[in-house]
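These features come from TrEMBL:
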TRANSMEM  B:18-38  transmembrane segment
TRANSMEM  B:50-67  transmembrane segment
TRANSMEM  B:74-95  transmembrane segment
TRANSMEM  B:101-121  transmembrane segment
TRANSMEM  B:133-152  transmembrane segment
TRANSMEM  B:158-181  transmembrane segment
TRANSMEM  B:193-226  transmembrane segment
TRANSMEM  B:251-281  transmembrane segment
TRANSMEM  B:293-315  transmembrane segment
TRANSMEM  B:321-339  transmembrane segment
Amino acid sequence: MKIMLKTDKIKFSYAREKVLRGIDLEIEAGSFIGIIGPNASGKSTLLKNMSQTLKPESGAVYLDHQLLNDYSSLELAKKMAVVPQDTEVNFNFNVYDIIMMGRHPYQKRWSGLSQEDKKIVKEVMEVTDTLKLRGKLINELSGGERQRVIIARALAQKPDILLLDEPTSSLDINYQGEIYDLLNYLNQEFNLTIITVSHDLNLTAQYCEELLLLKEGRIYAAGPAEEVLTENNIKAVYNAEVLIKTNPISKKPFVTLVPEVNRIKKSKQKDFKIHIIAGGGTAKNWLYKLENLGYQLSIGVLNIGDADWQAAKELGIKMVEAPPFIDISETEIQKNRELIEKADLIILSDLPFGHGNLANLEVLFDYPEKRKILFSNFDIKKRDYIKGKAEKIWNKLLEEDQNIYLLKEKDNLISKIKKLEN
Amino acid sequence: MVEATGDLIIMGENKKNIFVYLTAVSFSVLLIFLALFIGSSQIGPADISSYIMGSNAVSASTAIIIGEIRLPRILLAFMVGAGLAVAGSVFQAIIRNPMVDPYIIGISAGAGTGVMLALFLGIEITIFNLSSLPAFAFMGAVATVFTVYQLARVGNKLPVLTFLLAGVAVSFILNSLMSFLMVLRTENLQQLVYWLMGSLAGAGWGDIRMILPYFLTALAVIIFYLKDLNILLLGEESAAHLGLNVERTKIILLGAASLMTAAVVSVSGSIGFIGLVVPHIARLIIGPDHRRLIPLAALFGASFLLIADTAARTIMAPIELPVGILTALAGGPYFIYLLRNKSKNIW
C-alpha cells in the first residue's frame, strides 16, 4: 500500500506547554482516519502540524514521500486541502465564487477562468450537492450547507488528501450525518485520503475506518473502532465511566456516558442497603429513583444484555451477572447470597420466572429473618413459565415467611421502603 | 442545462456591473466639468471649452484660474478621495473588520506631528517648489508606518491584532507629542488647525507632482494583488491552504495601503470618513470581489471628495471651510447607521 502521509516523531509546544510529545504515524492512501482525544490532547495541533499551519519543533512530516517543507505553498495546495475549524466567511461572496477560489493554486494571476476550472467546479458542486446553491450568498446558507460549500472548495483543489478539523462541531445532528456521509462517499468513490479531527466519538466510530486516540500529545491507541473504543481506554484517556454498546445497524461500537451519580450518592448516601431481584426490564423504571434517594443498592442475578442489566450498569450498581439463555450457575448464586446477606431489605420485582432464573426465587427461603417486599401487582400464575413450579414456590414462601410485604401498587414502593427503613 | 442557467446568472451580473461602471465614470467626468465652473470668479462655459481646446481666446487671468488653481485642485481632490477609499478597502479586507479606516494605525497623527514639528522649528525648506509642510507631513506619516510595522512584526509575521494595537499606541503617543508642541507654541497655529481638520486649500501642481510617484506605485502594487486580496478574505488559515503566501501578501498590501495613505494625507491633512464609509457603499453595490470593488471605490471616493471640496470652497465663499468638516458631517451619520444596523450583512 502506498503511504500518503507520514509523521516522524513530531513534537510541538505552545510557549512552554508541550502539546505533541512525539507522534509517529503512517497513513495509507485511501484511508479514512478519525483523530479523537479529550480537549488539549493535541488533536487539532497534530492536524495543523500535518498541514503546515504549524511547524513541528522537531521531527518531520512527509506527504507522498516528500518532506512537507519542500513543497511550495502552491504545490501543497494542489495535493492537500484543509477544512479548518472556523469556516465563517465574513464577506458576502456567492457560493460559485467561493468554490471557484479553490482553483486558485491552478490559476495564473491575470488569466480568467479556464474551461477546466469551470468543469471541475461543476463536478465538485454535483458531488457535494451544492449546484442549487450556486447563486446564493454564503451568509444566507444554513450551517450544513455552508460546510458543504467549504468542502466543495477544498475538493476544487483536486487534492489527494483532505484534512478536516471538527467538521461537524457546530452542526445539528441531521447535518452531522450528512457531512460524514459525504466524506464517506468521497473516500469510497474517489479513494480520497481523509483525516478528520473530532470530539464526537460515536460519529467517528461509525464512519472512520481507523481511529487514533490521543492522550497528552501521544498516541494512546490506534486501530479499528472496536479496538480503540474500549471502556478501559476511555477511562484511561477521558477519565470517564462509559458503557460501550454495539450500534445495531452498523455493528460499530457506541459509547454511552455513565452518569456520575456516584458523586451525588456519596454526599447523601443512606446507611440502608437494598438488594433487588429483577429482570426483563421490571426494575429499570424505579432503579434510578432509589439510587437518587441514596439507598445502597445491589442487584442480581441478572442476564447480561437484559434491560435491567443495562440500567444497573449505567447507574453503576453492584451487580451479579450471568450469561443469557442458560441457567444461573452455582457460583453466581453464591455471589448473589453474599450481596443479600449484607442487605437490610430485599425487593422482588414482578419478574417472569423460567428455568434460568428460578434460583433467584428459591434463594429467598434462606433468609426468613430479612424483610422483603414482593411485587404482587401481576399475578404469579401469569408470570410462571414453568408449569406452576414458580407458583408453588411463591405460595410456599408466602406461607412460611413472616417478613414479607406484598406490594399491590407499584407506585407505593418508595413510601413502603421508607416505612420499613424507620 | 445547469451550465446555461449558471452562465445566465453571471451574464446578468456582468450587465449590472457594466451599468454601474458606466454610470460612475460618466458621473465623475460630469463632476469634473461642473467643478471647473464653480468658484468665486465667474467663468462661463465658453471660456472653459476654449481653454480645454487650447485656444488663445481666453484671458490670462482666466487661464490661470482654470489651469493653475481649479484644475490641480480638482485633480488632487480626485487623487486624495480615490486614494483614501482604496486604502480603506485594503485595510478593511486585511484586518477583516468593517470599522477600520486608513488612519487607524496612526498615519494622520504622524503626518500632523511632522507638520507641527516644521512649524515649531520654523523650518522653511523648499523641496520641489513646495512649502515644507507637505514634505514634513509625508516624512512624519512614512516614519509612523515604518515604526508601527517594526513594533508589530514578530519574526517574519505581522499579526493583524498586534499591528492595530501598535498603531493605536503610536497614535496616542504622537497625539500627545503634538499637543505638547501646540502648548509650547501658541501663536500662528491656524495653519496646523486647518491641516488637522483636512483641507485642499492652496493645492497646486507641485503637490500632485510630489505625491504622484508614491500614489502610482502603491496603486500598482494593490492592483497586482487584487486576486490575493479576495483569497485573504476567507481568513488567513484558509488562504494559506489555498496556496497563498499569507504573511508576504499581507505585509506588501498593508505597506502599499499605508504608503498611499501617507502620500494623500501629506497634501490634504486628515480628511476623515472617506476611507471608512466609501468602501462600504461600493461593496453594497458591487459585492466583495476586489477586482470589481477597488475601481468602483476609487471612483466613489474621488467623486465624494470632489463634491465635498467644491462645496467647502463655495458655500461660505469667500471663506473656505476645511473639507474634513463636511466629509465628517456626511460620514458620521452613516457610521452611526452602520453601528445601529450591525448585522452580518455589513460586508
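Note that the numbers count up from 1, one per residue, in the order the chain is shown.
In case you wondered, yes, glycine gets a Cβ from its N, Cα and C as well.
Values in this document were obtained by computation on a predicted structure and should not be read as measured data.
For the transmembrane segment (B:74-95), the list of distant contacts is 28, 32, 35-36, 101-102, 104, 160, 163-164, 200, 203, 207-208, 211-212, 215, 218-219, 222, 229, 232-233, 250, 253-254, 256-258, 260-261, 263-264, 267-268, 271, 274-276, 278-279, 282-283, 290, 293-294, 297-306, 309: same-chain residues at least six beyond its ends, Cβ to Cβ under 8 Å. For the transmembrane segment (B:158-181), the residues of the chain that approach it from at least six positions outside its boundaries are 94-96, 100, 103-106, 109-110, 112-113, 116-117, 120, 144, 147-149, 151-152, 247, 250-251, 254, judged by C-beta separation under 8 angstroms. In this chain, the transmembrane segment (B:133-152) lies close to the transmembrane segment (B:251-281): three or more C-beta pairs between them fall below 8 angstroms, excluding pairs fewer than 6 positions apart. Ranked by Cβ pairs under 8 Å to the transmembrane segment (B:251-281), the stretches B:193-226, B:293-315, B:321-339 are led by B:193-226.
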